[in-house]
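Some notes on the structure that comes next.
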Amino acid sequence: MQTIWPHKHIHTLANFSIQDYKSVFELAHRFDVLKNAGTKKIPALQGTLVTSLFFEASTRTKNSFELAAKRLSADVQTFAPSSSSLTKGETIIDTALTYSAMGADTLVIRHSSSYITFEIAKKLDAINAKTSVLNAGDGLHSHPSQGLLDIYTLIKFFSKKSLSPDVLNSKKILIIGDVNHSRVARSNLWALSAFGADIILCGPKTLIPDEFINFLKTPAPKQKEDPVKSRGSITISRSLEESIKIADAIIVLRLQKERMMENLLSSIDSYSLDYGLTPEKLSLNSKEIPILHPGPINRGIEITSKVVDEYPNCLINNQVANGIPIRMALLYLLQKYNK
């Protein structure tokens with residue numbers, strides 16, 4: 001693991017180097033080993049304050065981050081938008097500055113505005129605040145911790161002996177659904193491609209525009225060059241059946257029902273018929289490939305209950321479990337930067 005963590009803030013995986021990924025995965029694995037040996041809490045962040053600023057509803061991410069902080073012995077401060085000064089007109093940035101002034105070492109932020117964590121970090125840095133910002137999902141832009149835990153889940157599945165992200169090289173990873181409106185998918189594209197995975201995006205053109213073929217050519221803000229020298233590929237398919245036949249793993253995205261209101265789909269039923277994951281469609285692949293879903297699940301729409309509950313390599317609960325050591329690693333590494 002690298003001796004110096006290079007990021008004060010974590011906004012996106014677009015600026016992660018191979019070594020950055022490996023540092024996170026190696027540390028997460030160490031936390032996994034400790035937990036499996038019966039050590040559920042360690043004093044690594046004792047005396048530090050992690051503040052959870054969630055401006056959007058969340059079950060998995062919010063609770064996972066708070067549990068991760070507690071397992072590192074950090075103090076956890078939870079923000080409730082409905083009872084905050086936001087109701088009096090205070091801006092999001094001023095709210096973040098207030099919590100920083102209270103002594104927050106890390107602000108874990110989720111918000112509906114893309115790139116908002118960049119703006120908050122910029123304000124904090126301008127006043128020389130030591131507070132780090134960790135993006136827990138911003139608009140359609142990015143969800144770094146979800147991308148990392150998804151990749152970690154696949155690495156654990158494919159690694160036969162020692163844990164190695166290199167097992168993803170040349171693997172065909174199928175992502176099904178509403179990529180265009182998914183911050184999770186964007187983070188997965190950066191992370192999977194970094195380790196040479198070949199990504200197949202499958203869905204209707206209204207949810208996966210042809211322009212996504214060039215997604216990896218778009219740098220992060222203020223990023224001059226890609227820190228990963230060679231990436232895997234992106235292809236787009238409109239046929240789920242043909243894509244499943246060649247896939248080594250599948251990531252299913254939640255269909256946001258509001259897309260019907262935007263006239264992006266003719267009907268939920270037709271989408272489910274064409275792109276819903278069923279046992280019958282999975283049988284087109286000769287292997288029992290791993291199935292991931294970031295949650296929450298729309299049972300019977302993008303994936304059937306039979307797949308979720310009975311398919312042997314449905315790893316949805318594994319993803320939830322893996323989120324804790326991954327987020328422990330991120331919180332720990334940010335404090336390492338500040339020290």
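For all residues, glycine too, the Cβ spot is worked out from N, Cα and C.
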Identity of the carbamoyl phosphate-site residue among Arg30, Arg110, Arg238 (reference: Arg60, Thr61, His143, Gln146, Gly295, Pro296, source: Swiss-Prot): Arg110
Densest Cβ neighbourhood among Gly295, Pro296 (binding-site residues), 10 Å radius: Gly295
Rounded distance in angstrom between the Cα atoms of His143 (carbamoyl phosphate binding site) and Arg254 (L-aspartate binding site): 14
Assigned element (helix, strand, coil) containing Gly295 (carbamoyl phosphate binding site), judged by DSSP: coil
Pairwise Cα distance for Gly295 (carbamoyl phosphate binding site)/Arg254 (L-aspartate binding site) [Å, integer]: 7
Which of Arg60, Arg110, His143, Arg183, all binding-site residues, has a Cβ with the fewest other Cβ atoms inside 10 Å: Arg60
